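Per TrEMBL, the features are as follows:
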DOMAIN    13-149  domain 'MARVEL'
TRANSMEM  46-70  transmembrane segment
TRANSMEM  82-102  transmembrane segment
TRANSMEM  122-143  transmembrane segment
DOMAIN    155-299  domain 'MARVEL'
TRANSMEM  155-177  transmembrane segment
TRANSMEM  189-214  transmembrane segment
TRANSMEM  226-248  transmembrane segment
TRANSMEM  274-293  transmembrane segment
Amino acid sequence: MSASAGHHLNVSAVFSPRGAARVCQLMLGCTIVSLVIHSAGYSATYGTFCMAVWTSCFAVSAAVLVLDVTRLHACLPVSWENLTVTCASLAALLTLTASILYPVFFVRADDCPYNNCEVRNFRITVSVCSWAACVAYGTEVFLSRAKPGRGMSYYMATAPGILKVAQIFVGCVIFVMLASGTDFTRHAATLYCAAVFGVCLTGAVLLVALAVSGRSGALRMPFERLAVIYTFAAVLLYVSAAVLWPVVCFDGKYGAPLRPQGCPRGKCSWDVKLAVAVMSFINLALYIADLVCSHRSRPVSQRPGV
C-alpha cells in the first residue's frame with residue numbers, strides 16, 4: 001500500500017493550485033447566489049438562465065471538491081480527470097455567458113439617482129463576482145491542461161478536448177437560436193444547415209461522452225484517429241453550412257438582405273438569422289483549430305515518414 005493510501009482525505013485536493021481554484025469557485029458561487037437572492041434579483045428568461053447557471057455551476061463545483069477530497073470519485077465508472085476538466089470548461093463558458101447577459105439586462109446607469117441605488121450596486125457586485133468565477137473556472141482548465149501523448153485519461157485536458165466542449169456549447173447556442181423563430185423549415189437549404197448543425201453537435205457529444213466514460217478502449221480504432229476523422233468531416237460539413245446559411249437567409253430571392261424596418265428588437269427573426277450565421281462561422285473556426293491541434297498532437301511514431 002502506498003503512503004497516501006492510508007489517508008482517508010485527499011488534502012492536496014484543497015491545498016494545491018487546482019484545489020485553490022475550486023475553493024474560489026465555491027466562494028464566488030455562494031456569494032453570487034446569496035447576493036441575487038438577497039437584493040440583486042432576477043426576472044424573465046435571461047435572469048432565470050443566469051441564476052440557473054450560477055446555481056448549477058456551484059453545485060457541480062461542490063460535488064467535484066467533495067468527491068476529490070474524500071476520494072469517492074474512485075467509485076465512479078468514469079475517467080475522473082476527463083470529467084473534471086470537461087465540467088470546468090463548460091462552467092467557464094456558461095459563467096462567461098451569464099457575466100455578459102446579467103449586466104446587459106439588469107444593470108442600467110439611469111437607475112440612479114431616481115431609483116434605489118442599492119439594488120443597482122448589488123447587481124454590479126454580482127456581475128463582478130461572476131466574471132471572477134469565470135476566471136476561476138478558466139484557471140482550473142489552464143492548470144489541468146495536459147501535454148499530447150499522456151493517454152485517454154487526459155484527453156479532455158488537451159486542446160482538442162477543450163475545443164470539443166466549446167463546439168458543443170456553440171452548437172447548443174445555435175439550436176436555441178434556431179428554435180426561437182428563424183423558421184428554418186421554409187427552405188430545403190436552411191433545413192440542410194440545421195441538419196449539419198445537429199449532426200456535428202451529436203458527434204461532438206458522443207466523442208466527449210466516450211472520453212469521459214473511459215469506454216474508448218471498446219472502439220476498433222484508436223480514439224484519437226476517430227476524433228480526427230470526425231473533425232475533418234465536421235469541417236467539410238460546417239464549411240457548406242456556414243456559406244449556405246447567409247446566402248439563403250440574406251438573399252433577396254429567399255430572404256431580406258437588410259434588416260426590415262420596424263422589426264421589434266429582441267423578437268426579430270432577421271437578427272436571429274444573423275446571429276446564427278455569426279455563430280456558425282465561430283464554430284467552423286473551432287473545428288478548424290481542433291483539426292490542426294489534433295494533427296499536431298499525434299505521436300511521432302504515427303506521423304508519415306517517421
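Note that Cβ sites are derived from N, Cα and C of the backbone, with glycine treated the same way.
Outside the transmembrane segment (226-248), and at least 6 residues removed from its termini, the chain residues within Cβ reach (under 8 Å) are 160, 164, 167, 187, 189-190, 192-193, 196-197, 199-200, 203-204, 207, 219, 254-255, 273, 276-277, 280-281, 283-284, 287-288, 290-291, 294-295. Distant neighbours of the transmembrane segment (274-293): 158-160, 163-164, 166-167, 170-171, 173-174, 177-178, 182, 193, 197, 200, 228, 231-232, 234-235, 238-239, 241-242, 245-246, 249-250; these residues of the same chain sit at least 6 beyond its ends, with a Cβ under 8 Å from one of its Cβ atoms. The stretches the transmembrane segment (122-143) and the transmembrane segment (189-214) do not meet in space: the count of Cβ pairs below 8 angstroms, excluding pairs fewer than 6 apart in sequence, stays at fewer than three.
Tertiary proximity for the transmembrane segment (189-214) is limited to same-chain residues at least six positions away from its ends with a CB under 8 Å from its CB atoms, namely 77-79, 82-83, 86, 152-153, 155-156, 161, 164-165, 167-168, 171-172, 174-175, 178, 182, 223, 226-227, 230, 233-234, 237-238, 240-241, 244-245, 247-249, 254, 280, 283, 287. Secondary structure of the domain 'MARVEL' (155-299), assigned with DSSP and counted as helix (H, G, I), strand (E, B) and coil, comes to 110 helix, 0 strand, 35 coil. Using DSSP to sort the residues of the domain 'MARVEL' (13-149) gives these counts of helix, strand and coil: 114 helix, 0 strand, 23 coil.
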